[in-house]
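Chemist: Here it is: the structure, laid out below.
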Amino acid sequence: MATKSNEENIAEFKGHNEIQIELMKEECIVVDNDDKPIRPGSKKETHLMVNINNGLLHRAFSIFLFNGEGKLLLQQRALEKITFPGYWTNTVCSHPLWIVGSELVEENAQGVKIAAKRKLNHELGVPLDQVNIDDFTFMTKIHYKSESKEDPQWGEHEIDHILIMQKDGITINAEPNEVMDYKYVSQEELDQLFKDEDEGKVKVTPWFRLIALNHLKPWWNNLNNLKPLVEPTNTIHRY
């Protein structure tokens, strides 16, 4: 017989993929409004709208990987994903974990960069030896909240650290439970993707759209000279 906690899990996860359910046990970093770590919180706890609507906030990161031609790598989230399944989004968007001395390290955004390398490998199969922590440039942070329309008991409420990397020779072997498709796009092709979304032809994650429409173009146009555009780590854009 299922315990009470198991019964609750069955109700919340009904119809969802077992691998994705298991990942909901990961310990994210619960933060305050200024992105200061408070405590660990499971991926499940931090993504339930009942908690989000009570103010629960966690740390995240978004990777924007460009190739040598200046094209941006996008992924389409697998249908197995619990939040925003089938949506197009930036290269990788995920969460650093509550790991002291590693993904919790604040200096130079070291912790989120360690997490970013881990998730490039997990989601897109990028070999660990093809990515160095120093390949990532931290740009800024955004604070946003969004409900997952497909299953509105789930959502996001994050302070999202934006990381940019430009590199050729990246091997991609996408994990099908995470990623159903991927492609490199030009600025014009990304503009078309948003037009297609407006016409109901595709779905795009809300955080990617926010970042792309409010911040991305100056970075994209200055990939060879990002340093002047890097913002202080205490800068948080609220949406």
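Every residue gets a Cβ built from N, Cα and C, even glycine.
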Chemist: Per Swiss-Prot, what member of LYS36, LYS43, LYS44 joins ARG77, LYS81, SER94 in binding substrate at one site?
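Modeler: For the substrate site that includes ARG77, LYS81, SER94, Swiss-Prot also lists LYS43.
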Chemist: For the binding-site residues listed here (GLU156, GLU158), tell me which residue's CB has the most neighbouring CB atoms inside 10 Å.
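Modeler: Of GLU156, GLU158, the one with the most crowded Cβ is GLU158.
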Chemist: Using Cα coordinates, what distance in whole Å links CYS93 (active site) and HIS47 (Mg(2+) binding site)?
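Modeler: Per the Cα atoms, CYS93 (active site) and HIS47 (Mg(2+) binding site) stand 14 Å apart.
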